[in-house]
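What TrEMBL records for G87, W88, A89, G90, T91, G92, K93, N94 is ATP binding site. Among the features that TrEMBL reports, domain 'Torsin-1A C-terminal' is placed at 257-312.
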Amino acid sequence: ALEPLSVGLAIGVASALTGYLSHPSFYCSFVECCPHAGHSLNATALKMHLDSKLFGQHLAKDVVLKAVMGFSSNPSPKKPLTLSLHGWAGTGKNFLSQILAESVHHAGLRSKFVHLFLATLHFPHHDQLKLYQEQLQNWIRGNVSACPHSIFIFDEMDKMHPGLIDAIKPFLDYYEQVDGVSYRKAIFIFLSNAGGDLINKAALDFWASGKQREDIQLKDLEPMLSVGVFNNKNSGLWHSSLIDRNLIDYFVPFLPLEHKHVKMCVRAEMHARGYLVDEKIVQAVADEMTFFPKEQKIYSDKGCKTVQAKLDIHED
């Protein structure tokens with residue numbers, strides 16, 4: 001028979017060991033955990049990542065950095081942070097959403113708390129609108145219940161059925177709770193090519209008037225962008241209650257990229273591949289891109305979207 005003292009000691013050691021192994025700081029070093037209530041973002045690290053990966057987008061970087069840091073430092077936000085990113089393909093919308101996701105959850109887009117929806121993949125059939133609305137509500141409700149700091153990214157908004165996104169309106173509104181769940185710490189990001197033409201025209205007008213690109217301010221584009229998207233049947237936000245109720249915090253414009261920005265993308269890609277930067281190759285890749293307007297050839301019509309593929313053919 002075991003001595004009472006020995007049994008008591010064994011139970012005590014087992015209890016202590018169990019407590020240590022189950023402690024959040026230990027457990028979360030092996031398993032991804034939802035950020036704790038007092039979690040705050042590192043503004044310096046976020047700015048550094050934006051500066052090193054997102055080129056030619058002074059407006060987007062400034063607006064998103066301030067919006068995210070203000071939201072993160074607020075212990076009791078009144079609603080989820082909701083951003084709508086607009087601009088032509090290849091200008092950096094996906095890059096920014098990826099960087100933002102990594103700043104909240106280290107695994108970024110691989111995190112179980114970051115949810116990416118593609119309109120053409122997840123909502124392909126327009127005749128199943130009601131089903132998609134119900135599925136979307138259930139998915140968001142379940143995941144925010146599991147982690148209040150969940151991030152939801154909706155790509156290809158311009159291909160989404162009008163009215164579908166309105167299903168999440170209750171989650172974005174100024175409610176303390178909806179059916180016992182608070183959505184106030186979540187982040188919602190919409191990505192869309194809609195409004196790109198408006199942004200490009202405004203940028204070209206600035207150039208034609210002799211103004212510096214960096215002088216373009218949010219107030220020069222956001223009002224026009226929100227109205228244009230609201231009235232665009234192919235925006236995914238056509239006549240949306242999200243705009244009507246002012247539930248989108250910022251409409252973030254992504255400007256068309258110039259030659260120098262394309263070169264920056266090429267250099268960044270070469271660094272990412274571990275190559276020494278060869279300016280002849282940088283110039284060769286940039287020269288293979290197409291630019292608009294036809295006469296002036298100022299802006300890349302595909303942004304940096306095809307840089308990786310074009311760099312492939314220059315590999316030794």
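Along the chain as shown, the residues are counted starting at 1.
Using N, Cα and C of the backbone, Cβ positions are placed for all residues, glycine too.
Annotated features taken from TrEMBL, shown on the structure.
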residue : record           : CB count, 10 Å
G87     : ATP binding site : 28
W88     : ATP binding site : 22
A89     : ATP binding site : 15
G90     : ATP binding site : 22
T91     : ATP binding site : 32
G92     : ATP binding site : 27
K93     : ATP binding site : 27
N94     : ATP binding site : 17
**Message:** Cβ within 8 Å of the ATP site centroid (G87, W88, A89, G90, T91, G92, K93, N94 excluded): which residues?
**Reply:** N193, F254, G303, K305
